[in-house]
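Listed in TrEMBL for this protein:
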TRANSMEM  90-109  transmembrane segment
TRANSMEM  116-135  transmembrane segment
TRANSMEM  141-162  transmembrane segment
TRANSMEM  207-225  transmembrane segment
TRANSMEM  231-251  transmembrane segment
TRANSMEM  314-332  transmembrane segment
TRANSMEM  352-373  transmembrane segment
TRANSMEM  385-405  transmembrane segment
TRANSMEM  443-464  transmembrane segment
TRANSMEM  476-496  transmembrane segment
TRANSMEM  502-523  transmembrane segment
């Protein structure tokens, strides 16, 4: 998506002297493209996103120990004593639910309340869930058997809140940047450059994800609190921090760009797809002229809407390729925590180790955004969305293969070999197998690469390709794919036990490798289409690039 000679750095008041005018075609073609100045409201929304991620990871990071281990476990903190397989299954069920809920919230946001009001409602539900899990994790509540029921109730409210936030905040933050046309800008050094909306949206999403990862470092604090003072303290801190998001949403409400809902266009979109399906899912079969000529039917949409739907369908097809990605990604929040518990942790809580991933994202994100992308673009090396996603998928393959290797090392080490923490030599689970937990570090670093290249690009792609009045819905569909990945994770959770874990991780690596090959084979052509879409100036060209026949539509 980067133009030739583009830059990944945002303009600031220090290096931006003045904006002159809209750029001509010749200037767009020949001058260096840069990220535009970022409005303050973008940073406010990004900080709200950081507060939400602080709460999410702070609340959920202790869950695997909270569910898996019992209160009397001498090796690791615990409360409910459900075991690894059951705990992993419940964790997947929560993720599945939280990824199903964005779709109804998206419909509400796009057709009725708008993104701002939907976001406020979602955060309110979120807080209710946090308060429930905090209150039922207090020692008296656990002693009276409120733990399981409280956790399930909290998961429902938190899942609803997470779903609503995830559906709305990604398109909402992009809405805050209103620049639509390239403009000539003079930098302080005197260079004339062109502001680029595509680069700016890409930059915004990278900043958003970078701040989200800073927020996710709350898992370090809450896992230590869980170990030293109990789970209730671990849940109290993120619950309090979520109020930061509430305060910002309320006191800065007049600052935000709040695109009004345009009414529910889902029925019209559904009718369009049904018309196309009757002709082999050809979108040109849904145009006004085709329907009038072949069916004698008048349709309520225009050709521009057909073209937008085609572009949105491209995004949805790309999103479906992320199913196995999410199965692998979710390992960091459940089975890899359990794997760390089988290793020598040197006094560090086993559920603190995944924070390496967030630290890696924080370090690598600016390097990739400010150095790698500009380096490639200055040398006219295209690195467009499908290519970036493919690189991210390859990183997942490497990470899962390495994870299988680490698990084999654990099984090859004493004292318990293929039954870690479960043999007599483990002294009731206090002595793990003699493998250093820091061998997990490459897993989290490699997964950080995959997130930056694949997941962040998916956010950007879903927003850029979605129809104007369906951006929240398309974002929700991408999260629905994550829900399918969570459901698949639930299906394989029975094998998430010793001594089957090597096979499970190896199978995930193999499935991801096969999926990556198919993804590149089927979708690499979309990079060339994407390049055309970024430079199209009228609806006729857009429709032709997507396969909509405007000759038929406009005889």
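Just so it is clear, glycine is given a Cβ too, placed from its N, Cα and C backbone atoms.
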Would you mind listing the long-range same-chain contacts of the transmembrane segment (314-332), meaning Cβ under 8 Å and 6+ residues beyond its ends?
-> 91-92, 95, 354, 357, 385-386, 389, 392-393, 396, 399-400, 403, 443-444, 447, 450-451, 454-455, 458, 461-462, 464-466, 474, 477-478, 481-482, 484-486, 488-489, 492, 505, 508, 511-512, 515, 518-519, 523, 526, 529, 546
Cβ pairs under 8 Å between the transmembrane segment (116-135) and the transmembrane segment (231-251), at least three = yes
Is the count of Cβ pairs under 8 Å between the transmembrane segment (385-405) and the transmembrane segment (502-523), pairs 6 or more apart in sequence, 3 or more?
-> yes
Top stretch among 90-109, 231-251, 502-523 for CB pairs under 8 A with the transmembrane segment (476-496)?
-> 90-109
With the transmembrane segment (352-373) as the reference, find which of 207-225, 231-251, 502-523 contributes the most Cβ pairs under 8 Å.
-> 207-225
